[in-house]
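These features come from TrEMBL:
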DOMAIN    2-145  domain 'SPX'
TRANSMEM  254-272  transmembrane segment
TRANSMEM  284-307  transmembrane segment
TRANSMEM  319-336  transmembrane segment
TRANSMEM  342-360  transmembrane segment
TRANSMEM  381-403  transmembrane segment
TRANSMEM  415-433  transmembrane segment
TRANSMEM  516-542  transmembrane segment
TRANSMEM  548-567  transmembrane segment
TRANSMEM  579-599  transmembrane segment
TRANSMEM  611-628  transmembrane segment
TRANSMEM  678-699  transmembrane segment
Amino acid sequence: MVAFGKKLKERSIQEWQGYYINYKLMKKKVNQYSRQLQGGNLERRQVLKDFSRMLDNQIEKVALFMLEQQGLLASRLQRLRESHDALQEEPELSHVANLKEGYRAVGQDLLKLLFFVEMNAIGVRKILKKFDKRFGYRFTNYYVKTRANHPYSELQQVYKHVGLGAVVGAVSRNLHELQNNQGSYLSIYDQPVLPLQDPVVDSIRAAVDRLTHSTNFLNFMAQHAFIMQQDLPSPQDEEEAVDEEDRRYHFMSLLLNLVNTFLYMVNTYIIVPTADDYSMSLGAAATVCGVVIGAMAVAQLFSSVYFSAWSNKSYFKPLIFSSIVLFIGNLLYALAFDFNSIAVLLIGRLFCGLGSARAVNRRYISDCVPLKIRMQASAGFVSASALGMACGPALAGLLQTRFKIYKLTFNQNTLPGWVMAIAWLLYLVWLAISFREPVLEPEESHSTSKDSNNSAVQDGNLESGIKQPLLITSEEIEEQVEDEDDSEEASEESRAPVNSIGAAYRLLTPSVKVQLLIYFMLKYAMEILLSESSVITTYYFGWSTSSVAIFLACLGLTVLPVNIVIGSYISNMFEDRQILLVSEIMVCVGILFSFNILVPYTVPQYVCSGLIMFVSAEVLEGVNLSLLSRVMSSRLSRGTYNGGLLSTEAGTIARVIADVTITVAGYFGRDMLLNVTLLPSLVTCVVSIVATCFTYNSLY
């Protein structure tokens, strides 16, 4: 992996070389500070003051040069404007062509300036991260907050590229007017969705989109998918990558992956309202529904691993296998009623879990979707999951009928299996007809190309400032003194994908373990709430299957509105770590409010507490994965045991334990089920809050 200093030197625009931040100098200063502190020759306060001043000076140099270049571009645009106005009186085709070329030339120089901004933004981000890791400070957050929010901030120029938007708008609008010179009086503001047929403007638009990492909402939603984003490539790399991306990307294949995600989530939750009735109809206790629901998660523990490994070689074959196995699993689930066998029911659910291809869905988006739309695709993955979660119980509520065809019984218990079996059969046909296997890179070149981009793994998900995750502890500092991208000659082992569980475990730092604990906690609490909802509401309130289905569907429908509010507004007002801690506390409040103590248990208490718990857990999931993506080693972005698989396994293990807890708690009687199952949720939540607060105490 090439060090950033070397990368900056190689990719910098030669005539502007003296105006880039001096990354090499700042890196030397950080190393010098470290030696002086260890020798007791320097105080930490002095280090902070000196480093802040040096970084301020470097950012000022960049910001002033940006302003100078913007002024030059503005002057050129002003001269072009005068020529454009004169053209209105005496239009000539030759003058129109000259004006177009003039605006395109400004656009090309604007692209260079955008790339200059991005390289400096990455440099600032990396040197701050290096400083935090070396000294154990939470300095990045302090520096960005104090500089970015100040009315005279020069950091705004680098991270919000203030002023460049006006230049982008001038080039786009005038080229659009010249393109539609034949009597059209509509501008880009009148027709915002009208595409401009000019490659320069398209390139500028793509560069700005990538520079800002799309919108806050898409960025927040994409964190739920845990699909890592990359830094901006250089203009040369971008041109080389376009053909490769076009060669691998296929819209219908992406759509099929999202449909697979949606159907799988429907398949997971469609049985929740009726699982207790189905268990009792086969002679088992109602609380056996925990095992029935959890069987799918148990199998998913194994399927996630082999699907992740399989996706290294193919995407089409694992999706075909997934569809076939899910078809068989749902068929067995439906036939269990006529066989009068709880064993067939459980085997059917195990087959459904063995068909979980979410690892393939994530991997396809990460590897085969162009960077410019990867954020949208990631948000689509999350939206498909949320919609499936809501549609599953809602669909179960509609399947309230009973009839027989020959010896096959169709009722509210078996119809979810029959409906999903037909859905997977239709999907299998569509998949076989429409999916296009992307061209896989040769193994050697693939790993090389991946390595060249992995310095961005912990730098992604950044817009208006730098939001860093929970700080590493002092023990980690001893192990992680240098960044992975600091090594000029990194060994093959350090660049290799993580293909063993041992290697993955060794890369889990204490910060990562805290984030995974939080993820485990929220998945456990959500599974307890959802899986036992039918048993609890029937026992306490006498709810019908339709009522349970409506309740669960309403919970699922809160996912997207909540994420819109958090992603578009709350995340701009508060730090991720603050939202994380508040969300954990609210989950704890929801759990406490759910206990049945002394007073009679009421519907408002159950519904309100469940809503608080579920919504808070959804908010917590997005913020937690956002932070997790930035504390994980860049090596965990690829290979079989990647970060996405580890987070999936943590969540799946939580679901398995939660479902087993429901069945075991059933032996205490249904009157004790609620409190017995909520107690582990409460303990786990309190432990995660303590772990988070303990990490806060280590912050600067």
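The first residue you see is number 1, and the count goes up from there.
Just so it is clear, glycine is given a Cβ too, placed from its N, Cα and C backbone atoms.
Residues 256-257, 260, 263-264, 267, 271, 278, 282, 307, 342, 344-345, 347-357, 360, 408, 414-418, 420-421, 424-425, 427-428, 431-432, 435 of the same chain lie 6 or more positions beyond the ends of the transmembrane segment (319-336) yet place their CB under 8 Å from a CB of it. For the domain 'SPX' (2-145), DSSP puts the residue distribution at 126 helix, 0 strand, 18 coil. Non-local neighbours of the transmembrane segment (381-403) in the same chain are 221-222, 224-225, 227, 257-259, 261-274, 361-362, 365, 409-412, 415-416, 419, 545-546, 548-553, 555-557, 559-560, 563; each lies 6+ residues outside the stretch with a CB under 8 Å from one of its CB atoms. Counting only same-chain residues 6+ beyond the ends of the transmembrane segment (254-272), those with a CB under 8 A from a CB of the stretch are 278, 292-293, 296, 315, 319, 322-323, 326, 330, 333, 349, 352, 355-358, 360-361, 364-365, 368-369, 377, 380-381, 384-389, 391-393, 395-396, 416-417, 419-420, 423-424, 427, 430-431, 434-435, 530-531, 533-534, 548, 552, 556. Among 284-307, 415-433, 516-542, 516-542 has the largest number of CB pairs under 8 A with the transmembrane segment (678-699).
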